[in-house]
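For reference, the structure is listed below as structure tokens.
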Amino acid sequence: MNLHEYQAKQLFAEFGLPVPEGYACDTPQEAFEAAGRISTAKKVVKCQVHAGGRGKAGGVELHDTKEGVKAFAQKWLGKNLVTYQTDANGQPVSKILVEEASNIANELYLGAVVDRSTRRIVFMASTEGGVEIEKVAEETPELIHKAAIDPLVGPQAYQGRELAFKLGLQGDQIKQFVKIFMGLGEMFAQYDLALLEINPLVITAEGNLLCLDGKINIDSNAMYRQPKLRQMHDASQEDAREAHAAKWELNYVALDGNVGCMVNGAGLAMGTMDIVNLHGGKPANFLDVGGGATKERVAEAFKIILSDTNVKAVLVNIFGGIVRCDMIAEGIIGAVKEVGVSVPVVVRLEGTNAELGRKVLAESGLDIIAAVSLTDAAQKVVAAAEGK
């Protein structure tokens, strides 16, 4: 689950991190009043969406007057912001962040992720702030400095000092950086984060550090024990189909093709998408129904796939390991009857009771196309999607 910038900054402030004075506003009038409470001559106004590239898309502006801030809010609230990280429809803007402008002398980067190779939280810091860290990692990896956190003792001040020295910080800036580092380390563990970024972490003209932007991603598997963060969830920023799938514990990601895919197992799902693409098709989605592919979940999966009007055919690819293929076949039959599937459905079953499953499908009387192999399934579903 992602948080908005204003929500990330609220958490930063709770842990003693320096953030600009700012207010999240729902209406143009609120934005106008917020601008009046901010003492700096210039105000920064930012559209709040779960996507990067807001500035280049016109979603971040600097204004001298309260009227300018209000006009920005009137322009964007209730509209969609399209950036290089969104699809063609963009993301809806329901809040505007109005905050004080800062005199920036230098921009740094500070972030943390769960590193699977070391099985630890790893902090990354760089002097190349304000740009995509992925680009820095690819072109100049020597400019990224790391600190791995021992889970038994947590973040240590000496690690913060080492990073500060490598960033070229001096005097009181080192103390400020260590405080930020320690606060982020505590917050990362306490709130079950998967990723956090401050980009940029700026040095102001006065020589102080300030968290100018914030990005936080929470481990969705830990949401059951994070009631406070659950309340921060903004469903409007998610694809409606993906949100519905999550309620049924289905792993669904919308794509832009015309071949719907329903598979059990993430690895098999990715392989299925690859082979569909190899045979000239374009997957419309990634959908992993998991090990418990019951009739109800299969029916919901069909509903989700078919809610995409671009889908011209559906490929169901099931490996019967934990589940029996005959049970899956019965679930598919029930789901097809319940949902009223109007596009060709290709089914490939392998594993436990696969032969029995294929027999159940053949005797169902439904227009279901059976496939004997993954290649056969891909060829048949691509042909069906093309109307052949």
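Just so you know, glycine gets a Cβ as well, placed from its N, Cα and C.
Model, not experiment: these values are computed from the prediction.
Database features, via Swiss-Prot:
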type	residues	note
DOMAIN	9-244	domain 'ATP-grasp'
BINDING	K46, G53, R54, G55, E99, S102, E107	ATP binding site
BINDING	N199, D213	Mg(2+) binding site
BINDING	N264, G321, I322, V323	substrate binding site
Using Cα coordinates, what distance in whole Å links G55 (ATP binding site) and V323 (substrate binding site)? 49
Taking Cα-Cα distance, which of the binding-site residues G53, E99, S102, E107, D213 are within 10 Å of N264 (substrate binding site)? none
Does anything in the same chain, at least 6 positions from S102 (ATP binding site), have a Cβ under 8 Å from its Cβ, and if so what? P20, V202, T204, L210, L212
Cα of E99 (ATP binding site) to Cα of D213 (Mg(2+) binding site), in Å and rounded, measures 11
Overall pLDDT for the domain 'ATP-grasp' (9-244), taken as the rounded mean: 94
Over all pairs within K46, G53, R54, G55, E99, S102, E107, the annotated ATP binders, what is the largest Cα to Cα distance, rounded to whole Å? 20
Identify which of the binding-site residues I322, V323 has its Cβ surrounded by the largest number of other Cβ atoms within 10 Å, counting every protein chain shown. V323
Excluding near sequence neighbours, so keeping only residues 6 or more apart in the same chain, what lies with its CB under 8 A of G53 (ATP binding site)? T83, Y84, Q85
Rounded to the nearest Å - Cα separation of K46 (ATP binding site) and N199 (Mg(2+) binding site): 15
What's the longest C-alpha separation between any two of N264, G321, I322, V323, the listed substrate-binding residues, in angstrom? 10
